[in-house]
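Swiss-Prot annotations:
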- 14: site 'Discriminates between blocked and unblocked aminoacyl-tRNA' (SITE)
- 19, 70, 72, 118: tRNA binding site (BINDING)
- 24: active site, proton acceptor (ACT_SITE)
- 97: site 'Stabilizes the basic form of H active site to accept a proton' (SITE)
């Protein structure tokens with residue numbers, strides 16, 4: 001993504017009060033924080049199957065989208081917004097949780113597979129390509145073995161952050177918001193050099 005190219009920022013998550021603050025919804029949490037920082041509110045947009053707001057990122061206006069389709073159908077909302085606004089896929093950035101990354105770590109990528117994430121799988125299916133930018137936000141994995149991970153995945157991603165974890169999440173989301181400005185001003189590669197090396201204070205497990 002070239003500097004100034006970002007036009008659509010999508011946070012992945014599940015709708016409803018039941019899922020507020022859960023690990024799977026950290027993409028929503030990032031957009032909520034950005035909207036609060038910019039003093040804007042999300043409004044329902046049925047044609048996009050989601051909630052939408054608009055903010056300035058760098059010197060450009062960027063639309064924020066939180067699909068309300070549930071995670072497995074996120075791609076429907078993304079496709080609808082891309083088509084309605086006449087955007088190219090390289091103007092899109094998706095914010096998504098990642099169990100393969102420790103809590104506190106970030107990975108900015110220009111493309112890639114779904115990596116087992118149903119929201120990304122839906123986006124790839126509806127966009128017809130995996131060549132779109134995504135910022136993976138680490139939420140850590142449950143357990144120490146593959147068996148424990150499989151058994152506890154659902155409860156982990158649908159669980160809320162502990163009080164101590166929430167302190168790290170605050171730092172991470174601040175870095176994400178700073179990173180969005182870097183992406184818009186400097187482009188994906190230079191922004192990624194910083195974001196991918198980020199480590200929050202007090203995070204020995206990162």
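Using N, Cα and C of the backbone, Cβ positions are placed for all residues, glycine too.
Highlighted in sequence order, 14, 24, 69, 71, 73, 74, 119 have their Cβ within 8 Å of the centre of the Cβ atoms of 19, 70, 72, 118, the residues recorded for tRNA, and are not part of that set. Of all the recorded positions given, namely 24, 97, 118, those whose Cα is no farther than the 10 Å limit from the Cα of residue 14 (site 'Discriminates between blocked and unblocked aminoacyl-tRNA') are 24.
Packing around residue 19 (tRNA binding site) is summarised by its Cβ count: 18 other Cβ atoms lie within 10 angstroms of its Cβ, all protein chains included. Among the recorded positions 70, 72, 97, 118, the ones whose Cα is located within 10 Å of the Cα of residue 24 (active site, proton acceptor) are 97.
When Cα-Cα distances from residue 97 (site 'Stabilizes the basic form of H active site to accept a proton') are compared across the binding-site residues 19, 70, 72, 118, the shortest belongs to 118. Just so you know, the Cβ of residue 14 (site 'Discriminates between blocked and unblocked aminoacyl-tRNA') picks up 21 other Cβ atoms within 10 Å once every protein chain is counted. Of all Cα pairs drawn from 19, 70, 72, 118, which the record names as binding tRNA, the longest spans 16 Å. Most other Cβ atoms within 10 A: among the binding-site residues 72, 118, that distinction falls to 118. Residue 97 (site 'Stabilizes the basic form of H active site to accept a proton'): 25 other CB atoms within 10 A of its CB, across all protein chains.
Ranking the recorded positions 24, 70 by how many other Cβ atoms lie within 10 angstroms of each Cβ puts 70 at the bottom. Taken residue by residue with DSSP, residue 97 (site 'Stabilizes the basic form of H active site to accept a proton') is part of a strand.
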